[in-house]
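Here is the structure we will look at.
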Amino acid sequence: AALTLLCGSAATVVVWKWLGKRQIQKKMEEARRIRDEGVKKMVKAVQQFREQVPHVQMDAILSLPLLELTQRLQEGSLSPKTVLYTYLEKALEVTQQTNCLRHFIPECEEQLQEIQRQSEKGLLYGIPVSIKDHIGLKGHLSTCGLVQCLDTLVQEDSVLVKVLKMQGAIPFAMTNVPQSLFNYDCSNPIFGPTLNPFNHQKSPGGSSGGEGALIAGGGSILGIGSDIGGSIRLPSSFCGLCGLKPTAERLRVWCTHLLNEDVCSCPTPVPCALGPMARDVDSLALCMKALLCKEMFRLDPTVPPIPFDEEVYSSFAPLRVGYYDTDGYFPLPPCMRRAVQETKRALEAAGHQLVPFSPPRINYVMTELFLKTFFADGGRAWLDVFTEDIVDPTLKPQVNCCKIPRLGKKLLALILKPLVTIPPPLKYVATISICRSVKEMWNHHHQIQVYRTEFITRWRELQLDVMLCPVLGPAFTTGYPGKLLTAISSTMLYNVLNFPAGVVPVSRVTEADEEELKLYRGCCDDPWDRTLKQAVAGAVGLPVAVQCVALPWQEELCLRFMKEVETLSQEK
């Protein structure tokens with residue numbers, strides 16, 4: 001009898017699990033069906049427009065830089081309708097190749113009518129804008145790539161979307177993201193993987209990877225991403241774009257829909273920042289100028305009322321620039337270090353003063369400050385978001401590490417930390433520290449402040465204006481970012497510090513870079529270093545970028561420096 005009861009219970013559990021998985025599959029299929037229906041509607045709308053206006057010079061419109069496009073729209077030589085449908089058509093083409101879109105926004109046609117009723121033309125009048133999946137848009141899902149978020153529609157536009165619309169912009173597409181946003185690949189089980197438009201074997205980066213692919217493919221001229229460890233800067237690096245992570249509070253506008261406080265709003269001492277992504281630095285500056293307006297400060301009183309300082313951005317004064325080509329924690333591929341050295345020489349030739357800088361204690365920052373912020377509970381809160389979900393293959397290395405019991409993690413850390421050669425997944429486990437008490441958590445927050453003070457003191461002692469440093473790249477082969485979480489030390493540092501930081505493409509991977517990569521040994525030629533080598537191999541022709549940084553609240557100076565780097569790289 002007991003055996004029968006046991007077998008019956010086991011069978012019930014199996015059936016229950018099967019039913020649960022079937023329910024998840026149904027939800028995902030429905031989400032994909034809704035997306036596909038939206039795509040069909042947009043195809044039909046574009047075809048109707050083409051029949052009405054058959055002689056649109058599509059390539060000419062797509063080739064216009066944002067500043068020139070805004071000028072043409074403001075003066076009336078181009079109509080917002082023509083521009084919108086041109087970008088809709090191109091976005092359809094790009095997403096067919098890369099799967100970068102999560103959803104078209106059908107209300108873009110209503111916004112097209114609305115801007116023509118506005119008494120004044122805003123700074124972004126008639127500009128089609130793409131936004132990252134989780135940014136709140138009324139009547140739409142904010143999924144974060146998770147099944148549990150497929151039931152709830154956002155009730156109100158986020159402040160950021162309201163300000164974009166007030167400035168005349170037309171949000172027209174929501175872009176794909178990695179599951180839970182905590183990955184710099186771009187794949188989730190609902191909508192699938194997004195590919196790099198320059199090489200479909202490569203990742204577009206993440207978590208703003210859909211934005212990266214869409215803009216780089218020419219399907220959007222301006223996008224909004226978010227960044228808590230490099231999620232604007234890494235896709236910008238992988239896709240050859242310009243991207244800015246501002247001081248987090250400069251645009252402190254988060255998604256209106258929160259699936260879980262720990263995943264979407266991240267109320268941590270390492271704050272998340274929203275920022276623009278585009279093809280050139282002037283576009284980023286225009287976007288910041290448009291967003292930092294009275295309407296933003298009125299709608300969100302937590303945003304400091306600091307308008308964009310055009311004088312700082314337009315200055316030509318020589319700069320005192322700190323620089324380094326390695327942070328001493330995770331040696332980057334040769335082409336990324338080459339980019340820093342070439343940019344350094346170009347800046348010196350242009351009359352700027354370059355000062356060597358060594359960022360302090362990056363190993364400590366990565367393990368004790370950054371990772372401890374997100375895995376203070378051993379990753380349990382993060383794992384909770386997958387309880388009714390299918391884990392994407394690109395996230396499995398991280399999820400499996402977090403699933404190791406706390407005692408197991410402690411033992412592994414004790415065994416592995418003295419060793420030099422550790423397989424990547426185990427090395428990742430060894431770096432995770434846990435806060436064991438509230439007191440320890442408060443001390444952790446305090447240590448972040450202490451480090452920020454130490455860094456700023458060193459910056460001030462050298463009398464620096466800005467910093468030139470490397471960014472992770474070139475684009476990884478898909479699947480590799482999940483194996484190399486701690487490779488993001490180059491971007492993560494400026495999230496911990498909460499400094500404005502931007503990325504500018506300056507070069508491309510050459511055959512010589514690929515040959516030099518064969519000699520790359522990293523820190524100690526361990527399995528982790530070899531994994532990085534595999535991740536970036538086969539990248540000839542892909543973009544190579546550098547990172548530009550300024551002190552908190554100095555976004556205009558950061559952008560001015562980025563503009564200088566961009567100009568010099570184009571001259572070269």
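Along the chain as shown, the residues are counted starting at 1.
In case you wondered, yes, glycine gets a Cβ from its N, Cα and C as well.
Bear in mind that the values here come from a model prediction, so they are computed numbers and not experimental data.
According to TrEMBL:
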- Lys132: active site, charge relay system (ACT_SITE)
- Ser207: active site, charge relay system (ACT_SITE)
- Ser231: active site, acyl-ester intermediate (ACT_SITE)
- Leu181, Ser207, Ile228, Gly229, Gly230, Ser231: substrate binding site (BINDING)
- 83-559: domain 'Amidase' (DOMAIN)
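The two recorded residues, Lys132 (active site, charge relay system) and Ser207 (active site, charge relay system), have Cα atoms 9 Å apart. The local packing around Gly230 (substrate binding site), expressed as other Cβ atoms within 10 Å of its Cβ over all shown chains, amounts to 31. Within the group of binding-site residues (Leu181, Ile228), the Cβ with the highest number of other Cβ atoms inside 10 Å belongs to Leu181. Of all the binding-site residues in the list Leu181, Ile228, Gly229, Gly230, the shortest Cα-Cα distance to Ser207 (active site, charge relay system) is found for Leu181. The two recorded residues Ser231 (active site, acyl-ester intermediate) and Leu181 (substrate binding site) have their Cα atoms spaced 9 Å from each other. Summarised as a single figure, the pLDDT of the domain 'Amidase' (83-559) averages 91. The record gives Leu181, Ser207, Ile228, Gly229, Gly230, Ser231 for substrate. Within 8 Å of the mean position of their Cβ atoms, the other Cβ atoms in that chain belong to Phe182, Tyr184, Gly206, Ser208, Ser226, Asp227, Ile232, Leu234, Cys272.
Candidate recorded positions: Ser207, Gly229, Ser231. Fewest other C-beta atoms within 10 angstroms, Gly229. Residue environment of Lys132 (active site, charge relay system) contains 27 other Cβ atoms, counted within 10 Å of its Cβ in all protein chains.
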